[in-house]
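Peer 1: Quick one: this structure, given as structure tokens, is what I'll be asking you about.
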Ligand SMILES: Nc1ncnc2c1ncn2[C@@H]1O[C@H](COP(=O)(O)OP(=O)(O)O)[C@@H](O)[C@H]1O
Ligand SMILES: [Mg+2]
């Protein structure tokens, strides 16, 4: 295996992992933008989508419609979370809102454990998605689920780009994220903007949840924790609340994690997560607005 | 129409911020087609008056009536839909959005695309720089350009009443002239305006009538051209600085 092929393989891995991080981080950033709230329940909304998909495949539904239903279930979950949990405390102090977000996380995870137990379940990936491609005589390999992940990430993010630049409600989302009062002053219905932001972000969480579980091969009620943590790091690297920043941060984090393992000396590899979190702390200390918003103060 | 009710009537408005009594019973009215100046020293309550009209501040007591409807319990978006647009202090543009996107949001309450397109063209006539800056982010414009965009964004709502809070603030002197020329043109076209302005000379030149606020109360009001030569206007300012 040549050096070039090895590098190409690592780039493929980085893009695939980065896509997952970017998907989760974008959703987290959309909610943070309009509510200035770190929505810890975002990871659990992923779980809702993944479980729905697994259960539907389990009763015989094909993968694609099952995934669509999973995304829909996540969107509905996001809608309900905003309506029931977040809207009543929208103007409460930050600590209250943060604790509410944690409470929603615990409720959803425990509900998952009650319904499905905490032991992992197999994700029944159709054979076609497990098919792997061998290039250069096996030096470069990837499976169709990698291809699907990257393709759906690209397509859905292009869709998001269209939404936030071409539709009034999408523009309203960006406007409300910048200045909620000014958004009201031009006549935007802020409740509508916020609920749609939640639905869109949760649909992204659903898509990310299904793809994450499909790649991992398992679902379980606490599956949202790791992606949430990674997305949090990605969003901070990019600039919390900025959608393009989340995207950038997601791919950078994916690349960083893959490249540490692939190119660093063996002694460094076990410290991958430590390096990532050291980077996070460095960003929080020296560039709290992330790459995209150099002058912004961060507020969790 | 000789005895027509004013388009806007503010009646005995009181607004508190905690222990601060920002407005202590302000009354004023604006008739259709009039330009009314609201002047006074810093902290007199000018911005608070505008904010209570547009629904951003809540009055403790008093009423705001617009075109026969009591509006002081309505939300800001509802008030925009009734026909009041507010170009706020400090402009409050969406800096990460382009000029085009800011204007589009200014018109977000409207459902007449043809009218919006026509009004956009009107903005280009009034503020030609906006056409040049069309794709640029609002946050990258100069102070004067931003102020023009803020005015245009408010006008895109096709309001019956325009509230302006310090359109000369942070604007280079040459552009201040330009902005007030645009306001004079709007006045000629019949736009009703309530104008808050630190620069009294400019404000009284444009306005038909004026109210002088002093520590939350109307100290003086009358015909603009008469107030221009009235010593009591300057005294009202000095009094506030005591
Ligand atoms: N959001 C607020 N919180 C507390 N006090 C405020 C607030 N807004 C205005 N005030 C106070 O109300 C008074 C009037 O302010 P304002 O209407 O902004 O005056 P002006 O626009 O004439 O300079 C001032 O004493 C100001 O400090
Ligand atoms: Mg003011």
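Every residue gets a Cβ built from N, Cα and C, even glycine.
Small disclaimer: the values here were computed from a predicted structure and weren't measured.
Reproduced below are the annotations present in TrEMBL:
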type: TRANSMEM; residues: A:12-34; note: transmembrane segment
type: TRANSMEM; residues: A:66-86; note: transmembrane segment
type: TRANSMEM; residues: A:98-117; note: transmembrane segment
type: TRANSMEM; residues: A:138-164; note: transmembrane segment
type: TRANSMEM; residues: A:193-219; note: transmembrane segment
type: TRANSMEM; residues: A:231-263; note: transmembrane segment
type: TRANSMEM; residues: A:269-286; note: transmembrane segment
Peer 1: Rank A:12-34, A:138-164, A:193-219 by Cβ pairs under 8 Å to the transmembrane segment (A:231-263) and hand me the top one.
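Peer 2: Out of the listed stretches, A:12-34 contacts the transmembrane segment (A:231-263) most.
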Peer 1: Pairs 6 or more apart in sequence, C-beta under 8 angstroms, 3 or more of them: is that satisfied by the transmembrane segment (A:138-164) and the transmembrane segment (A:193-219)?
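Peer 2: They do touch: at least three Cβ pairs between the two stretches lie under 8 Å.
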Peer 1: Are the transmembrane segment (A:66-86) and the transmembrane segment (A:193-219) close enough to be called in contact, which here means at least 3 C-beta pairs under 8 A that are separated by 6 or more residues?
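Peer 2: Contact between the transmembrane segment (A:66-86) and the transmembrane segment (A:193-219): present.
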Peer 1: What parts of the chain pack near the transmembrane segment (A:12-34), using Cβ distances under 8 Å and only residues at least 6 beyond its ends?
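Peer 2: Apart from its flanks, the transmembrane segment (A:12-34) reaches 42-43, 45-46, 140, 142, 146, 149-150, 153-154, 156-157, 160, 173-174, 176-177, 180, 193-194, 197-198, 200-202, 204-205, 207-208, 211-212, 215, 227-228, 230-232, 234-235, 238, 240-243, 245-247, 249-255, 257-259, 262.
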